[in-house]
Amino acid sequence: MKTKFIFITGGVVSSIGKGLAAASLGALLESRGLRVTMQKLDPYINVDPGTMSPFQHGEVFVTDDGAETDLDLGHYERYTSARLSKKSNFTTGQVYFSVIDKERRGDYLGGTVQVIPHITDEIKSKIIENAKGADVAIVEVGGTVGDIESLPFLEAIRQFRFDRGAGNTLYVHVTLVPYIRTAGEMKTKPTQHSVMELRKIGIQPDILLCRCDRELPQDMKKKISLFCNVEESCVIPSVDSEHIYAVPLALNKERLDEQVVEKLNIWTKQPDLTPWQDVVETLRHPSHGEVRIAIVGKYVNLTESYKSLAEALTHGGIANDCRVYLKYVDAEKIEENGVEGWLDDVDGVLVPGGFGERGTEGKVLAIEYARTRQIPFFGICLGMQMAAIEFARNVCGLAKACSTEFKNDCKEPVIHLMEEQKSVNKKGGTMRLGACPCTVTKGTKAFDAYNEADISERHRHRYEFNNTYRELMTTKGLVLSGINQQKDLVEIIELPDHPWFLACQFHPEFKSKPLVPHPLFRAFIGASLTHRNQR
């Protein structure tokens, strides 16, 4: 079958939910037996989001092949079976970088390099390259229609229909139909103007996904259909949902996937959404109530910074048939005021990844609290490094234990810069990135979770456990339960005499899905549930 292309754009406001819409559509098409791949086009000039502040961009999602990408790729992987790659996310910066490189090599034979056709051709070539082997390629264009930054991408997808034909391309536009409280009614004008902007560029949307906080009346659908030149059956409401994993079911109920396969002339089986129905049923009516998990971090004022982490904890709850309540705790507040009162009401403590010294002493205090009070603890990336430092200080007697990330002249560098990082002088794309193998020791909590010895997990770090301190810390009771054999790196640490105290250098949250929860999150939430029941 010739690959079909679905382009998803957004209008009126940013953060309208294009990524979730794209991911949900991917889930629906997979449930019909189609092979789906996904891609995000980002209009910013950064080469990738790897060096961007979490407060501006949110989470950086890491793929198996080490790409630092937009958080929407996390949605794509969680909702579908796709394993995405560097080809799945590209930016204006990457496009221009590639075109300029070709110009310097002389690939354009002395021609004048312009946005059209050179930039748009480069965009199209990247879309085609990523789509190889798929029945359907879903491509989300970042930004909002009307933004100057998005114009080259929109022009490229406009040309795509001309190149591939109407039967092989589909335009889905996500827009907003707000309810104006003072007027007591919903307004279609923002949607009309958004579509007008899109049509000025030469793109006539085939399907409109209308984001709204209540049901869209039939007369509103007719009005939108008339003014936007879209069939009434293709004006599809996307009403706010209590649970994001209910979105595929809601869009299926509105016949989105049916419209898509009909317009693209694809024959498929009927969708089997039973797994998604089971997930939503668990979220709405968990058998074992609620567990409270504290996330002690640095970026708690912007929870998008921990998007995959929050979702992975939810998946752990699904696996244990319980609801997970997340309590975000600012590590700096613990530094300033002490740990008492912040963690008294939680069933588990998690310290996530991060960079820089700010808030680290608060994390150490939180880890000590969880260790000494037998509260389930999970440390990830920097969280593992802080757990090693806390153990070195308070159990091994190394009062000066620290990381060279924070103090170059650290007296007891329990955590230090990886050897291959010492010659690196650029920040972007230079960390230890992507999937790396790890061997898990039998008879440990990590092995109990994975139930296998050879695993692969995704990384994003420069600093590591200092092997100089291995003997001392293992003598004092620390178990090094996961090792990268290739480079002899410590990947997982745990305490055998604690109900559940485990920390890992990698990011397991990047591989967790609602239909297949990650083993470590399943185990952590299970331990937290047990702790709650014993309190």
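Here, residue 1 is simply the first one shown, and the rest follow in order.
Cβ coordinates are placed from backbone N, Cα and C, and glycine is handled just like the others.
As annotated by Swiss-Prot, active site, nucleophile applies to Cys381, with the evidence given as sequence analysis. All protein chains considered, the CB of Cys381 (active site, nucleophile) has 23 other CB atoms within 10 Å.
Here Swiss-Prot flags His507 (among others) as active site, drawing on sequence analysis. Of all Cβ atoms in the protein chains displayed, 23 besides its own lie within 10 Å of the Cβ of His507 (active site).
Note on Glu509 (active site): other Cβ atoms within 10 Å of its Cβ, all shown chains, come to 27. Per Swiss-Prot, the feature active site maps to Glu509 (among others); the stated evidence is sequence analysis.
Its Cβ taken as reference, Thr188 (UTP binding site) is surrounded by 21 other Cβ atoms within 10 Å in the chains shown. Taken from Swiss-Prot, the feature UTP binding site covers Ser14, Lys187, Thr188, Lys189, Pro190, Thr191, Gln192, Lys223.
Annotation comment: Swiss-Prot describes Ser14, Asp147, Ile148, Glu149, Lys187, Thr188, Lys189, Pro190, Thr191, Gln192, Lys223 as CTP binding site, evidence class sequence analysis. Taken residue by residue with DSSP, Thr191 (UTP binding site) is part of a helix. Neighbour list (Thr191 (UTP binding site), Cβ cut-off 8 Å, at least 6 residues apart, same chain): Gly11, Val12, Thr175, Leu176, Val177, Leu208, Cys210, Ile224, Cys228.
Marked as ATP binding site by Swiss-Prot: Ser15, Ile16, Gly17, Lys18, Gly19, Leu20, Asp72. In sequence order, the list of same-chain residues 6 or more apart from Ser15 (ATP binding site) whose Cβ falls under 8 Å from its Cβ is empty.
Residues or ranges marked as Mg(2+) binding site by Swiss-Prot on the basis of sequence analysis: Asp72, Glu140. Annotation for Asp72 (ATP binding site): spatial neighbours Lys18, Gly19, Ala22, Ala23, Lys40, Phe61, Glu140, Gly142, criterion Cβ-Cβ under 8 Å with sequence separation of six or more.
Look at Swiss-Prot and you will find Gly354, Leu382, Gly383, Met384, Gln385, Glu405, Arg462 tagged as L-glutamine binding site. Arg462 (L-glutamine binding site) has a Cβ environment of 17 other Cβ atoms inside 10 Å.
Per Swiss-Prot, domain 'Glutamine amidotransferase type-1' is recorded for 292-534.
Under the heading region 'Amidoligase domain', Swiss-Prot lists 1-266.
Counted over every protein chain shown, other Cβ atoms within 10 Å are most numerous around Lys18 among the binding-site residues Lys18, Lys187, Lys189, Lys223. Spatially, by CA atoms, the binding-site residues Gly17, Gly354, Met384, Arg462 include one closest to Lys189 (UTP binding site), and that is Gly17. Following the DSSP three-state reduction, the secondary structure of Glu140 (Mg(2+) binding site) is strand. Excluding Gly354, Leu382, Gly383, Met384, Gln385, Glu405, Arg462 themselves, the residues of that chain whose CB lies within 8 A of the CB mean position for the L-glutamine site are, in sequence, Gly353, Phe355, Cys381, Met386, Ser403, Ile415, His461, Tyr463. Most Cβ neighbours within 10 Å among the binding-site residues Glu140, Glu405: this distinction goes to Glu140. Those same-chain residues not listed among Ser15, Ile16, Gly17, Lys18, Gly19, Leu20, Asp72 yet with C-beta within 8 angstroms of the centroid of the ATP site C-beta atoms are Gly10, Ala21, Ala22, His75, Glu140, Val174. Ranking the binding-site residues Ile16, Ile148, Gly354 by Cα distance from Lys223 (UTP binding site) puts Ile16 first.
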